[in-house]
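Everything below concerns the one structure shown next.
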Amino acid sequence: MSKKRILSGMRPTGKLHLGHLAGALSNWIRFQEEYDCFYEIADLHALTTDYQNPSGIRDNIREMLLDFLAFGLDPEKATIFIQSKVPEISEMHLLLSMITPLGWLERCPTYKEQLAQLADREITNYGFLGYPVLQTADIISFKAVRVPVGEDQVPHLELAREIVRRFNFLYGELFPEPEAILTVNPKLLGTDGRKMSKSYGNAILLADTPEEIRQKTATMFTDPLRPYRKDPGHPDACPVFGLLQMYRPEESAAVRPACTSAQLGCSDCKKKLTEILLEFLSPYQRKREELAREPGRLQEILDRGNRRAREIVNDVLAEAKTKMGLYGY
RNA sequence: AGGCCUGUAGCUCAAUUGGCAGAGCAACGGACUCCAAAUCCGUAGGUUGGGGGUUCAACUCCCUCCGGGCCUGCCA
């Protein structure tokens with residue numbers, strides 16, 4: 001009885017932060033016990049928005065891999081690979097592009113949203129529009145049946161299912177329709193009170209030094225309705241409390257009344273949070289430093305992952321091409 | 001390939017007939033706060049895309065190269 005296969009990916013756009021850990025990486029680590037996991041470092045997807053300075057992508061791949069391994073992704077259990085090192089995925093993407101109607105892509109909420117949000121950058125490109133098609137290629141190249149996604153990625157998975165149905169209808173049954181594993185994305189707030197995100201510059205990185213963590217927590221946004229020490233606080237609107245709650249649920253239960261009754265001040269709370277974060281992160285960071293000293297081992301992990309991924313994708317691509325009448329000339 | 005527009009601080013944009021390169025936001029520092037935010041005060045930030053030319057003097061005019069946008073044409 002073989003395990004169900006999962007595919008998930010992350011774009012190497014920088015070092016990971018607490019939000020990545022809570023929203024994605026911790027799930028990845030959990031899933032590797034239960035599923036046959038393929039975790040993709042999506043450098044081609046990174047290129048859709050960062051094509052103007054691609055030099056950083058290379059460094060980011062290494063940083064991301066260090067974060068993965070330090071926090072417990074196990075290359076013995078899961079396959080970690082680089083998207084562009086499995087070129088058959090790109091070929092699959094090309095095949096899918098032939099049967100994907102433009103309207104499906106233009107209707108994508110993420111497309112419209114990102115277009116408006118990143119208006120300063122030039123992303124009115126072909127590759128950007130086709131982003132979800134490449135995602136579909138990722139998934140079906142492995143015949144993955146489960147895809148862990150956050151709420152915002154659900155439309156993409158639905159698109160993938162539509163493309164799969166279209167392919168199977170046109171050329172004959174081949175791909176399973178991937179199902180979402182809806183992962184609850186705990187809403188982690190960044191240092192400015194907005195959603196923690198690299199592009200907002202409000203993230204606490206998994207690899208931040210103690211000094212950086214101290215500096216970031218010290219300048220963190222707090223309840224603006226509590227200008228004075230004696231005022232009652234509103235913990236649910238406070239990102240400091242949000243993080244406390246995430247990393248020390250039992251302690252935060254005691255902090256809540258102390259905050260609302262003005263017994264505990266914000267700077268006390270920040271001190272507490274700083275200590276908790278330092279304590280939480282330091283073992284991983286030690287592990288990370290050890291790993292960083294072994295570039296040969298990192299390379300070996302990637303080589304092996306790429307090879308394993310490629311073996312599978314190669315077969316699936318051959319099947320797809322046969323179905324589409326591209327073999328046997 | 002041709003036509004039109006465009007390039008100024010990290011970002012968005014000003015600068016009179018050719019006359020000392022500026023503002024807002026962001027950043028940093030200070031005041032205020034238990035911190036932070038907001039607010040107030042202050043600081044820093046530039047080879048005006050590159051090179052050449054005209055001029056006493058060029059962001060401004062001319063030539064050229066590089067980058068970007070819109071339109072037309074051509075091929076599929």
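Note: Cβ is positioned from N, Cα and C throughout, glycine not excepted.
Taken from TrEMBL, the feature ATP binding site applies to A:Arg11, A:Pro12, A:Thr13, A:Gly19, A:His20, A:Gly150, A:Glu151, A:Asp152, A:Leu188, A:Lys195, A:Met196, A:Ser197, A:Lys198, A:Ser199. A:Thr13 (ATP binding site) falls outside any helix or strand according to DSSP and counts as coil. Sequence-distant neighbours of A:Thr13 (ATP binding site) (same chain, 6+ residues apart, CB-CB distance under 8 A): A:Ala46, A:Asp50, A:Ile57, A:Asn60, A:Lys198.
DSSP gives A:Asp138 (L-tryptophan binding site) a helix state. Summarising the annotation, TrEMBL assigns L-tryptophan binding site to A:Asp138.
Residues of the same chain lying 6 or more positions beyond the ends of the motif ''HIGH' region' (A:12-20) and with a Cβ under 8 Å from any Cβ of it are 41-43, 46, 50, 56-57, 60-61, 63-64, 67, 188, 190, 195-198, 203-207, 243. Sequence annotations record features per position, and here TrEMBL assigns motif ''HIGH' region' to A:12-20.
Residues 13-14, 17-19, 187-189 of the same chain sit 6 or more residues outside the motif ''KMSKS' region' (A:195-199) yet have a Cβ under 8 Å from a Cβ within it. What TrEMBL records for A:195-199 is motif ''KMSKS' region'.
Here the binding-site residues are A:Leu188, A:Met196, and the one whose Cβ sees the fewest other Cβ atoms within 10 Å is A:Leu188. Geometry remark: A:Met196 (ATP binding site) versus A:Asp138 (L-tryptophan binding site), CA distance 27 Å. Between the C-alpha atoms of A:His20 (ATP binding site) and A:Asp138 (L-tryptophan binding site), the distance comes to 20 Å. With the fewest other C-beta atoms within 10 Å around its C-beta, A:Lys198 stands out among the binding-site residues A:Arg11, A:Lys198. For A:Asp138 (L-tryptophan binding site), the number of other Cβ atoms no farther than 10 Å from its own Cβ, over all displayed protein chains, is 26.
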